[in-house]
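Worksheet: one structure, shown below.
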């Protein structure tokens, strides 16, 4: 019987061991969670007391939306943007993000920055606006007085005065709606309308062909720039860097302006805009050309970019190549042209689109290698970066950020559910990035808020919080082409607005 008292002691020892084991497991788990939280974008930031309260409210709303999405099976980032947009606009989180000071938009194409609705309702209603149809059914516009000469039959039908054409229509609204459909990718059934990438890119290209005759008309051009700045300013964006191809801008009498005139016009409009918009920081242009062109033409473009930057150092930030990577020339194809500045000892910053593809091992995929080798200041999209561990490591070491455009990547069919976007992994590891919107008008969006929502809810999941948003906004200034002095002023302006935003978020709805 003397052995019996030993049993409770053994049981107690086992229980204590299990308790310590469970405790150590919990501690280890918490340490892992904390390490991951510290690693993610914004994880190193320490929030002030008021920011913590604001974060608590934001995360409560976010969690409620996610719980509702789990219950209903309807989660906007998992849906195509055209079907998710209306749901997003009802979201409490989205409406908070609309008020959030976002800093800068660093990946926006000039022709895609203004609501297409304005082009239809304003630009096409101006006097002397003509249109014609190409043999393939594409619409082309031109302002002219006297009327433009009859085009060649293989190029376009006869020019028709739009004002006169509308007068003969039984339903002008339906015609205007058809124009709007021509100017955007928006459709009720995107999966059916755009069954593959070729189809969506084909329509995408026709949009810019259609609107070019409107936007490049000098009076529209000025108003277009101003309105683009207005739309982003209303969305709490104070600075933009625009990819601009600087197509010839023309007057009513047919006179065509130089690229220098266009750059000066951007400069003048931005200066005028700043006078009536407190806190607006400005714009810079990234001169761009199309990657479908021959090497000899890209050599000329690089030369032109150097000249424009020398003439407008405060306005022209650098050079990029635009257009679909999968079907265009690779950066490697253009290496001879792209080495010209370095061979002449001229600094021409590059802001290359690279890796906007889901075809691994192709020349488009390997654009990431050449963007790194050519010291691209930032990388546009970089969708394929996670498939290139060496490039990923070296680009991170060089502090080369990605310009992530979630909606663009989804609409152009690189990814369907944004929770599966490769930038979700990059965001979790803390890779430097900014959020931008590419061609928001073509997607039926405005400004940056829609992309921020997709990034915050879809890419970041529940772990992304106010720190993530704050870091992304700060990154947009840090990785901009502004000078160090300009960045300091921009950051101060942003911080002032950020504090107001946090105070309002803490107070909650009135």
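Placed from the backbone N, Cα and C atoms, the Cβ positions cover glycine too.
Residues near residue 356 (active site, proton donor) in space but far in sequence (CB under 8 A, at least 6 apart, same chain), listed by position: 324, 325, 364, 380, 381, 382, 383, 384, 409, 412, 414. Look at residue 356 (active site, proton donor): DSSP puts it in coil. Here Swiss-Prot flags 356 as active site, proton donor.
For the recorded site, residue 381 (active site, proton acceptor), the DSSP three-state label reads strand. Its own atom aside, the Cβ of residue 381 (active site, proton acceptor) has 27 Cβ atoms within 10 angstroms in the protein chains shown. As annotated by Swiss-Prot, active site, proton acceptor applies to 381, with the evidence given as similarity to another entry.
Taking Cβ-Cβ distances under 8 Å and a sequence gap of 6 or more within the same chain, the neighbours of residue 353 (Zn(2+) binding site) are 320, 321, 322, 325, 367, 379, 380, 381. The Zn(2+) binding site annotation in Swiss-Prot covers 107, 109, 353, 438.
Among the features that Swiss-Prot reports, disulfide bond is placed at 132-156. Look at residue 156 (disulfide bond): DSSP puts it in coil. In this view, residue 156 (disulfide bond) is surrounded by 19 other Cβ atoms within 10 Å of its Cβ, with every protein chain counted.
Take the CB of residue 122 (N-linked glycosylation site) and look out to 10 A: across all protein chains shown you find 15 other CB atoms. Summarising the annotation, Swiss-Prot assigns N-linked glycosylation site to 122 (among others) and lists sequence analysis as the type of evidence.
When other Cβ atoms within 10 Å of the Cβ of residue 171 (N-linked glycosylation site) are tallied across all protein chains shown, the result is 8. Residues annotated as N-linked glycosylation site in Swiss-Prot, with sequence analysis given as evidence: 171 (among others).
Within the same chain, the residues at least 6 positions away from residue 375 (N-linked glycosylation site) whose Cβ sits under 8 Å from its Cβ are 350, 398, listed in sequence order. The N-linked glycosylation site annotation in Swiss-Prot covers 375 (among others).
If you look up Swiss-Prot, you'll see 25-95 marked as region 'Dimerization'.
Per Swiss-Prot, the feature signal peptide maps to 1-24.
In sequence order, 139, 140, 142, 151, 156, 157, 158, 159, 160 are the residues near residue 132 (disulfide bond), counting only same-chain partners six or more apart with C-beta under 8 A. The local packing around residue 107 (Zn(2+) binding site), expressed as other Cβ atoms within 10 Å of its Cβ over all shown chains, amounts to 28. Mean pLDDT of the predicted structure over the region 'Dimerization' (25-95): 97. Summarised by DSSP class, the composition of the region 'Dimerization' (25-95) is 55 helix, 0 strand, 16 coil.
Counting only same-chain residues at least 6 apart in sequence, those with a Cβ under 8 Å from the Cβ of residue 438 (Zn(2+) binding site) are 107, 108, 109, 112, 405, 407, 408. You'll find the Cα of residue 122 (N-linked glycosylation site) roughly 18 Å from the Cα of residue 171 (N-linked glycosylation site).
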